[in-house]
Amino acid sequence: MPHFINVILPLPLEKHFTYSITQAEAEFLRPGMRVAVPFGKSKIYTGFVAAVHQEDPKIYEAKPIEQILDKEPLVTGVQLKFWQWIASYYMCTEGEVLRAAVPSAFLLESETKVELLKDARVDEDSLTDDEFLLYEALQRQSTMKINEIIQVLDKKTVLPVINRLVEKKVVVVNQEIYEQYKPKTERYVRLHERYQEEDAMHRLLDDLQRAPKQKEVIFTLFSLTAKDKKPVKVSSLSKESKSSAGVIKALIDKNVLKEHYIQTQRIQYEGGQVEAPLALNEYQELALEEISQSFETENVCLLHGITSSGKTEIYVQLIEKVVAEGKQVLYLLPEIALTAQLISRLQNYFGDKVAVFHSKYSVNERVEVYQNVLNNSEKARVVIGVRSSIFLPFATLGLIVVDEEHESTFKQYDPAPRYHARDAAVVLGSLHNAKVLLGSATPSLESYFNAQHAKYSLVNLNRRYGDVLLPEIEIVDIKEKHRKKRMTGHFSDRLLGEIRETLENGEQVILFQNRRGFSPVMECNTCGHSPQCPNCDVSLTFHSHNNQLRCHYCGYHMALQQKCMACGSVEISTKGFGTEKVETELKALFPGHKIGRMDLDTTRGKHGYEKIIAAFEGGELNILVGTQMITKGLDFRNVRLVGIMNADSLLNFPDFRAHERSFQLMLQVAGRAGRTEKQGLVLIQTYNPHHQIVQQVSTNSFADMYKEQLEERRQYKYPPFYRLIRITLKGRDYSRVNEGADWLAVSLRNSFKENVLGPEFPPVARIRNEYYKNILLKIPQKQSLGKTKQVVEKILQSFRAIGGFKSVRVVINIDPY
Ligand code: ADP
Ligand code: ZN
Ligand code: ZN
């Protein structure tokens, strides 16, 4: 009897590919193991076994496999099912899911390049002959392809050798070579060496007689370093000595203290005491009780808890219970940037049981976490991760927490699979029989709708922890302010006055502006021309710090021109404004104060993000200007005032979710204010003070917003009442894209009638010299999603068969965001 396996290859293939195996291999192989198999002319790929069987593929002759790569499955049965679900729901191939789901180090192929790991410590005696040969060859030649390695080793089955060298941390493979792990740094200080001697010490204390605050810092430093002479964190020193960062800085400037940045490995927990979780207050206690109760009968619960209500502490209690049962927990966050604050919080409670997983980690670290999760190791009971961590090989998953569940970054744009991690997490939970908790201060309309319709249970938490007051929210009508000439640049007199007062009281200010850059567009006052990107259909954005015009889509940039490129006029002015412009105006208005800016441009550097947060937390910055980035989940203690520079740029965004998103963004950024006893203040500057969303934000009326937006969604046929499929055509040939889109739209209309919208060019219709055109398909609730997809798939097959459209690519996005 012949034996076969079906293999999932890391390629966009419609079907599994079948290979022939021997009787012995059939007895050994199980689904989830890796095999090296030939595919195409002469390439070797790593694939995963999906099934072992005895059915001849018939249409083609099954080739034998090259090699078995694992002793045990690397992918679990649940994962294979999950991949299938993702592929079928999001209309992509399992091969594409596979690529997103396992660390690329698991996927050696013949094009893979291998090179020595930098700073590898190699114990040559521990290498086998083959391993040593390859190691030696790599010292002569910096990178090698699989084919070259086959020649050097003079054998065909080299993948196992490479795999072992990867495991022994001698070599690295491909893609990952350029990727760097981004360590987290923290600022430490210690006493300068010249004060080691006791005499010098006494002289120093004498010198500081007249600077009691500085002396206090030094004494605190002594008490903190009494046991060992290790450097002390600036943040703890400042807290313990009750001194501002300014005092510490003065000591650094005087050379009394020496400053260091120390890298704290995220992945390693440096011991320390594990603390017991905080005792919950009665409202948290009640919410916890309700969640636990709902979990007795339901699988998914939405926790709607206002900002600073203490949701994280509730998660902690739930996590503790699950961990005590020996099960695993997945804690999903929308963004890497948010993980730093949370990791240290969870490590306080769960110590080295916490593992972190995201793309900024090096391949070795990712492989390590993957293995730990697969083996249900003690080191990975609580996994914190961004969206891709839903693909980890959980052995026994008990709970998934999706924090900030409303965030759109949970949706993957590109490449396929274009999944939504929150929605996929709900499916993952049911595959594992695990509970799923969605948490947010501003739930998405979809999730809240599900909770209202008994798909999820709903728990409310309406009090801030410690009964801290919610900030007062005030609307500033800037149309009126302009008319009365009470604007200075982009600041109303009201906002300026409050900034001034806040700074005078030694408190901090956050200013939110939706765009980065200085001002999105330069415009000629004479002819109206504004410089365009040559590759994309967008105007270039002015960046003042380097006097450049830049494209935010493709990175194209040029020096700022003094004259209009079209008519030569020197009368050029700026239209709209971004974070950099706000920062520049502030610097002129408040010269004595420290102003920081947080956006994509300033956080690009290695520790950019953490440095700005730390500086703001430590009180070295008085004002922080930022984009979306500052809205998310950060817990700052000393912020009294939040200013939203311009609500209209959010509200006018051409998207059916624009209003919902504006509400979420504004309330989230407002939530950064007044997290201690003193009530915070939020000022919203807008040209439309009566806009219903602005009103609803100012009165914190989630219920009204929900009701009104839901009604609009019903009326205009959008989610949650209709499902959406967006079909995007892309190509370099403008007319082909156009013709293709028309053809597709006509075919779709034959089946779906008025529920097909478009084709239409998106707001930016050309990116990197490719033209884009969209068709939107709306699917009523009673229409079968599965059948709809089948029809779409059929139409696409006919489309692909048309020669003229060969150069046009089609991208399908289910539930587009
Ligand atoms: P949320 O995530 O709901 O915005 P957090 O969990 O960040 O709120 O809590 C807000 C603040 O209140 C945090 O500084 C947190 O440490 C504090 N806090 C919350 N619950 C407790 C508790 N039970 N005991 C002490 N402090 C708490
Ligand atoms: Zn001009
Ligand atoms: Zn461009």
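Every residue gets a Cβ built from N, Cα and C, even glycine.
Some features that TrEMBL has for this protein:
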type	residues	note
DOMAIN	292-461	domain 'Helicase ATP-binding'
BINDING	Cys524, Cys527, Cys564, Cys567	Zn(2+) 1 binding site
BINDING	Cys533, Cys536, Cys551, Cys554	Zn(2+) 2 binding site
DOMAIN	559-714	domain 'Helicase C-terminal'
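Where TrEMBL records a feature, it is marked here on the structure.
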residue : record                : DSSP (3 states)
Cys524  : Zn(2+) 1 binding site : strand
Cys533  : Zn(2+) 2 binding site : coil
Cys551  : Zn(2+) 2 binding site : coil
Cys564  : Zn(2+) 1 binding site : coil
Neighbour-count leader, CB within 10 A, binding-site residues: Cys536, Cys554, Cys567: Cys536
Sparsest-packed among the binding-site residues, when each Cβ's other Cβ atoms within 10 Å are tallied, from Cys524, Cys527, Cys533, Cys551, Cys564: Cys527
Listed binding-site residues with Cβ under 6 Å from ligand 3, out of Cys527, Cys533, Cys536, Cys551, Cys554, Cys567: Cys533, Cys536, Cys551, Cys554
Close-lying binding-site residues around ligand 2 among Cys533, Cys536, Cys554, where CB distance stays under 6 Å: none
Rounded Cα separation (Å) that holds between Cys551 (Zn(2+) 2 binding site) and Cys564 (Zn(2+) 1 binding site): 18
Additional residues surrounding Zn(2+) 1, by Cβ distance to the Cys524, Cys527, Cys564, Cys567 centre under 8 Å: Asn525, Thr526, Gly528, His529, Met565, Ala566, Gly568, Ser569, Glu571, Ile572
Predicted model, mean pLDDT over the domain 'Helicase ATP-binding' (292-461): 92
Candidates Cys533, Cys536, Cys554 (binding-site residues) - the one closest to Cys567 (Zn(2+) 1 binding site) by CA: Cys533
By Cα-Cα distance, the member of binding-site residues Cys533, Cys536, Cys554 nearest Cys524 (Zn(2+) 1 binding site): Cys533
Rounded to the nearest Å - Cα separation of Cys564 (Zn(2+) 1 binding site) and Cys533 (Zn(2+) 2 binding site): 15
Cα-nearest neighbour of Cys527 (Zn(2+) 1 binding site) within the listed binding-site residues, Cys533, Cys536, Cys554: Cys533
